[in-house]
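Taken verbatim from Swiss-Prot:
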- 5-113: DNA-binding region (DNA_BIND)
- Lys78: N6-acetyllysine (MOD_RES)
- 141-157: compositional bias 'Low complexity' (COMPBIAS)
- Lys276: SUMO cross-link (CROSSLNK)
- Lys300: SUMO cross-link (CROSSLNK)
Amino acid sequence: MPITRMRMRPWLEMQINSNQIPGLSWINKEEMIFQIPWKHAALHGWDINKDACLFRSWAIHTGRYKAGEKEPDPKTWKANFRCAMNSLPDIEEVKDQSRNKGSSAVRVYRMLPPLTKNQRKERKSKSSRDTKSKTKRKLCGDSSPDTLSDGLSSSTLPDDHSSYTAQGYLGQDLDMDRDITPALSPCVVSSSLSEWHMQMDIMPDSTTDLYNLQVSPMPSTSEAATDEDEEGKLPEDIMKLFEQSEWQPTHVDGKGYLLNEPGAQLSTVYGDFSCKEEPEIDSPGGDIEIGIQRVFTEMKNMDPVMWMDTLLGNSTRPPSIQAIPCAP
């Protein structure tokens, strides 16, 4: 036969009246208000024999803990005791007097008068309604669109639909649908695309480069004459260069070279080649160009060695120039 154990409320009253558990005492015995020590196990100075004595006694009373058989688990003891206190219909917590923090943390409870049979029945019916509503809400939350679609697909439909289809009004329905539906214009899709070009304005790097196009005018007859005069003056400039340069042939240790000394004679430098002044002609540059071309042609055909000997044979060494001996 199972052993009947004492219910929590009378067992708790007996523990309070015994004064064996430290911190468990009446605050107001007339109003049945009492306090339970509720110190957190993580705080400094927490003792299992002092702060968890009530929870351990309840675990031993319910048979969930036996000394020597299981290791002490004060955390589980306290959780089980709290759940049992919250499940009691005739005990409620006085939250405005409870202290949940610190080393002197306590919870204050009040014992209510015992319930009658009618009150117990009402309480049970209310709890049953609450549980039913909770299960319904849970089922509604679990239902998904997939389950609804499965339920709809599971319903079978008859193969013969003639029993609930009005055959006489089929043509009228079609005519009404045609009248209601607006006439839609046919959609024509053309594969040809109109040619388009992206307009792009090419700007210069700087605005200072913007110049208008200018066309040079044709040269006049006077300007053309000046150009011909300039071409005729070119040979005269060349002759002046020959006259200004005064190179004299000389030699040092049997080696000849040309020397540019002031006062030298053109005949000694150029030898037998000389240019005679021609009378001025109305068309400048005509005969002068022919004479210069003749001189250069004779110089080109003549042997350069003979030309140098001719130049050096007629020259004398000036007394002002001294030979510089080469270092050994």
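Glycine too: its Cβ is placed from the backbone N, Cα and C atoms.
Worth saying up front: this structure is predicted, and the values here are computed from it rather than measured.
Non-local neighbourhood of the residue listed as 'N6-acetyllysine': Ala41, Ala52, Phe55, each in the same chain, at least six residues away, with C-beta under 8 Å from its C-beta. Sorting the DNA-binding region (5-113) by DSSP state (H, G, I as helix; E, B as strand; all else coil) yields 42 helix, 21 strand, 46 coil.
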